[in-house]
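*Asks:* Pasting a structure here, questions to come.
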Amino acid sequence: ALVMTQTPSPVSAAVGGTVTISCQASQSVYSNNLSWFQQKPGQPPKLLIYKASTLASGVPSRFKGSGSGTQFTLPISGVECDDAATYYCQGTNTGNNIVFGTGTEVVVK
């Protein structure tokens, strides 16, 4: 079964700095179908990145996805207070099963 393991929480980030969240898949993600989501308390997840590196509509270019196969990263540059949230990667295996990562909380200081 596909397992997505992320950078352990919490991760501390300074305003204006850069933070990178990693996501490791236990097997190759099918066709690079890897997405990143941002979730804040009481809100539904917001899609940031799909197909590993494609920015979703309306998402600032400070968010950049990269990687392929089993290793993926989400660097956030120019960190803002509003970036404080929990971030999830989501992968798809060859059976089209969708699997979420463990989640990484980003704390902005």
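Cβ coordinates are placed from backbone N, Cα and C, and glycine is handled just like the others.
Not my notes, these are from Swiss-Prot:
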type: REGION; residues: 1-23; note: region 'Framework-1'
type: REGION; residues: 24-35; note: region 'Complementarity-determining-1'
type: REGION; residues: 36-50; note: region 'Framework-2'
type: REGION; residues: 51-57; note: region 'Complementarity-determining-2'
type: REGION; residues: 58-89; note: region 'Framework-3'
type: REGION; residues: 90-99; note: region 'Complementarity-determining-3'
type: REGION; residues: 100-109; note: region 'Framework-4'
*Asks:* What stretch in 36-50, 51-57, 58-89, 90-99, 100-109 has the biggest tally of Cβ pairs under 8 Å against the region 'Framework-1' (1-23)?
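*Replies:* Ranked by Cβ pairs under 8 Å, first place goes to 58-89.
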*Asks:* Which residues, given as numbers and ranges, are at least 6 beyond the ends of the region 'Complementarity-determining-2' (51-57) yet have a Cβ under 8 Å from it?
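*Replies:* Residues 29, 32-35, 63-68, 72.
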*Asks:* Who are the chain neighbours of the region 'Framework-4' (100-109) in space, where the CB to CB distance is under 8 Å and they lie at least 6 residues beyond its ends?
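*Replies:* Same-chain contacts beyond the ends: 4-15, 19, 21, 23, 39, 76, 79-81, 83-91.
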*Asks:* Cβ under 8 Å, sequence separation of at least 6 from the ends of the region 'Complementarity-determining-3' (90-99): give me the contacting residues as numbers and ranges.
*Replies:* 1-4, 23, 25, 27, 29-31, 33-37
*Asks:* DSSP says what for the region 'Framework-4' (100-109): how many helix, strand, coil residues?
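*Replies:* Its residues divide into 0 helix, 6 strand, 4 coil.
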*Asks:* So, by DSSP, how many helix, strand and coil residues make up the region 'Framework-2' (36-50)?
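*Replies:* Secondary-structure breakdown of the region 'Framework-2' (36-50): 0 helix, 9 strand, 6 coil.
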